[in-house]
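**Student:** Below are the structure tokens for one structure; questions will follow.
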């Protein structure tokens, strides 16, 4: 059976506990932070608003993205197990790209939430109804699983006759595609199309939303009201930057940075998949007054 060989961090022993222990800490912080957010939003009725519903969707996408990479990362750095069968690699690749597309879609929904809250505050509750939020969540989920599905189907039909050594500790489409023996034009074209239809359109939509948000904020006369309106967007802006900066950097390096050291590719891929799920709960807990107050109440009770 076809087996891929995964790569740890170049220049570092795979059994190094100096890497395994920080990874475990990152995954623990990610699980604790996102599960705590979901629990607070579910149990606290004051958080049953559109903004926090979208935040719970972001937490679910972050959990799915991190748990998709967890098995192989832990297998490499704890047990020195680097081999992964072809089918398991395709499944992991599918879930990584699907949850990444879902997270991008949730960030668009959150940008729309901020747009309505700032530009049309009197119509906020009438526009963002529970029905619309459920439909948006369903659309984000369906888009994530359907756009990436042909990627997995196409690459499953390919034959691999080169080295089976992958460049990362998990399976990514671009990384698997470079090992294919044969014509990959269709795979590359659809992969590029899938990226444009998801993260490309999403980033443009978010940019357009914030252009209108900034325009609305600048039209406010009171300086204090301007600062208050903009402060409601800081958490979402941080989440957007945390997600898109590593993604864009990784895409550019995969396309144009083939002469760069392997460590650069590895670290950027790890940052893209591990850092946003860890930082998003911390950012929202720090910048959102209701969540911060809820955490303080829980700590005082204990």
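Every residue gets a Cβ built from N, Cα and C, even glycine.
According to TrEMBL:
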- 20-40: transmembrane segment (TRANSMEM)
- 33-284: domain 'G-protein coupled receptors family 1 profile' (DOMAIN)
- 52-70: transmembrane segment (TRANSMEM)
- 136-155: transmembrane segment (TRANSMEM)
- 233-253: transmembrane segment (TRANSMEM)
- 265-284: transmembrane segment (TRANSMEM)
**Student:** With an 8 Å cut-off on Cβ pairs and a sequence gap of 6 or more, do the transmembrane segment (20-40) and the transmembrane segment (136-155) reach 3 or more such pairs?
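**Tutor:** The transmembrane segment (136-155) and the transmembrane segment (20-40): touching, no.
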**Student:** So which residues does the transmembrane segment (233-253) touch in its own chain, when a touch means Cβ under 8 Å and the partner is 6 or more beyond its ends?
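**Tutor:** 58, 100, 103-104, 107, 110-111, 114, 118, 195, 199, 203, 206, 210, 213, 260, 264-265, 268-269, 271-272, 275-276, 279-280, 283-284, 287-288.
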**Student:** What is the average pLDDT across the domain 'G-protein coupled receptors family 1 profile' (33-284)?
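**Tutor:** 88, rounded to a whole number.
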